[in-house]
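Student: Have a look at the structure that comes next, please.
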């Protein structure tokens, strides 16, 4: 019997900021450097399932060879003269849709933001697709053959200086790898791992192709890919940050924070063997007696150390993780309870997401995938009471096969400070960054939520999932929710408005984005739209207040809450790399089409149209046109 002591709190975002704060940058920890101005500009298109797709791409049956061949054929027909490579992260989702990803190449170098994703339906035909391939003139190969570009060390040093990264680069050398233009940069200090550099092409905002060094640096607070001009090593064309801001005695699943209940619950063996067949305390090779297992490893990191394996974590030979959480106590006095709570919430969310389709093939976070697809050795490193910062939390999502990292901080808006792990919405928000980054663009590409609107949706998905999970049996569409209310000790929460279906309480709409430039603000708009869709689906299908969905024979959740969560997750895998709001809306409609045959078009369109993302809504850089129209015939009543 294994027991954990946890608090089930579920509701805060990364790099959160109270309403009185200045807007947070892409990553506010780089003092004096605003990374927002280095965001990549999206250039993707998305062809949804309602549009005409060439019939010649149809194959019968959904075996791997067929769906991959179908996808290759579509790319070749769409771009007959383009060079590209098939990525290895293709898979069939549990909704029956196969996802295949390609990377454009020029002179055998990747075009790092040249992506093509193809979604193949159950019948073997193309369901939808997205792409951001470069279509302009291909540069001469002369620059490569004559090696008319700087060395990677120069690119690293410029990135360190220009972005003020805390890495010392004295006598640095570039060590070759098996790839002819990929290097490990040895001899630095201050980074978690040795920086890396790879020669690639990048499509610039004006549509030209530029040869760049992609410099990767992990300094704990920021895990950056910096695109440095390869010819001069004196210009940065873009930056991507991977970081988005037993018996257990815990606050159980669905309890958002200590303010909702008087005491914690004692839970015995809270895992589901279908979702965690190794339980939460084994990786298939060793059975642990501490907060470590296949899905995550939790420990304190009060001293902000870059390592984690030797950090303190509670240990119980009987796996009885019941620890005191004294009201008004100092954080250090309840560190065992804190680590246990974090371990519980992260594992419980892993299991729920697994049920909803985020499994090994889709790139989930597990040390051992047991041969079920995806890449191993990428559980989540879970740091409780991390000393790197205060009043925040963050999540780093590298590509599939590398561990993710969640850092939970103390919040100093009360005396004594409050520990963010006890507001489970914060943990869920952070973990959702990993979900959305692994699914959008495929498990091997963590660069697909780096533009303003896509990064905003990354924040919005976190708020949405945290809010959906904490709905109570008595809630109705008139119930409003805030984010971060407990840690900030503020009933209004940390967002500009509460999440509400009332336009008086929350007036945000699509064109509100025209006045925004920061991802958390934009994320509130997206989550507000999803909250409308959520309640439309609950009103139609009812609400399951249990911790797990039930499914019909087609694999469709039987209630509106879990159905909304399911189609939102499925849509992440359908949409293109760096989608805008319109494309992501269309992907949600497509997800419902693939899962239910489009039975919920009216509810989905009505939710989005209410907040300006109706049929005629258009995206333009810096200027968006709203629409409150619903397509004709979508909401016709049946006689």
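Placement of Cβ uses the backbone N, Cα and C atoms for every residue, glycine included.
Pulled the feature table from Swiss-Prot, pasting it below:
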{"type": "SIGNAL", "residues": "1-16", "note": "signal peptide"}
{"type": "CARBOHYD", "residues": "287", "note": "N-linked glycosylation site"}
{"type": "CARBOHYD", "residues": "320", "note": "N-linked glycosylation site"}
{"type": "CARBOHYD", "residues": "336", "note": "N-linked glycosylation site"}
{"type": "CARBOHYD", "residues": "368", "note": "N-linked glycosylation site"}
{"type": "BINDING", "residues": "429, 433", "note": "Zn(2+) binding site"}
{"type": "ACT_SITE", "residues": "430", "note": "active site"}
{"type": "CARBOHYD", "residues": "509", "note": "N-linked glycosylation site"}
Student: Tell me which of the glycosylation sites 320, 336, 509 ends up closest to the residue listed as 'active site' in space, Cα to Cα.
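Tutor: Result: the closest of the glycosylation sites to the residue listed as 'active site' is 336.
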Student: Using a 10 Å radius around each Cβ and all protein chains in view, which of these binding-site residues has the most neighbours: 429, 433?
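Tutor: Result for the most crowded candidate: 429.
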Student: Check each residue in the chain of residue 287 (N-linked glycosylation site) that is at least six apart in sequence and keep those whose C-beta is under 8 Å from its C-beta; list them in sequence order.
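Tutor: Result: 281.
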Student: What is the interatomic distance between the Cα atoms of residue 429 (Zn(2+) binding site) and residue 509 (N-linked glycosylation site), given in whole Å?
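Tutor: If we compare the Cα positions of residue 429 (Zn(2+) binding site) and residue 509 (N-linked glycosylation site), the gap is 22 Å.
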Student: Using DSSP with the three-state reduction, classify residue 336 (N-linked glycosylation site) as helix, strand or coil.
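Tutor: Once the DSSP labels are grouped into three classes, residue 336 (N-linked glycosylation site) ends up as helix.
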Student: What kind of secondary structure is residue 287 (N-linked glycosylation site) part of, going by DSSP in three states?
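Tutor: Going by the DSSP assignment, residue 287 (N-linked glycosylation site) falls within a strand, counted as strand.
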Student: How many Å lie between the Cα of residue 336 (N-linked glycosylation site) and the Cα of residue 320 (N-linked glycosylation site)?
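Tutor: Counting only the Cα atoms, the answer is 12 Å.
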Student: In angstrom units, rounded to an integer, how far apart are the Cα atoms of residue 433 (Zn(2+) binding site) and residue 368 (N-linked glycosylation site)?
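Tutor: Given the Cα positions, residue 433 (Zn(2+) binding site) is 21 Å from residue 368 (N-linked glycosylation site).
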Student: Work out how many Å separate residue 509 (N-linked glycosylation site) and residue 320 (N-linked glycosylation site) at their Cα atoms, rounded off.
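Tutor: For residue 509 (N-linked glycosylation site) versus residue 320 (N-linked glycosylation site), the Cα atoms are 48 Å apart.
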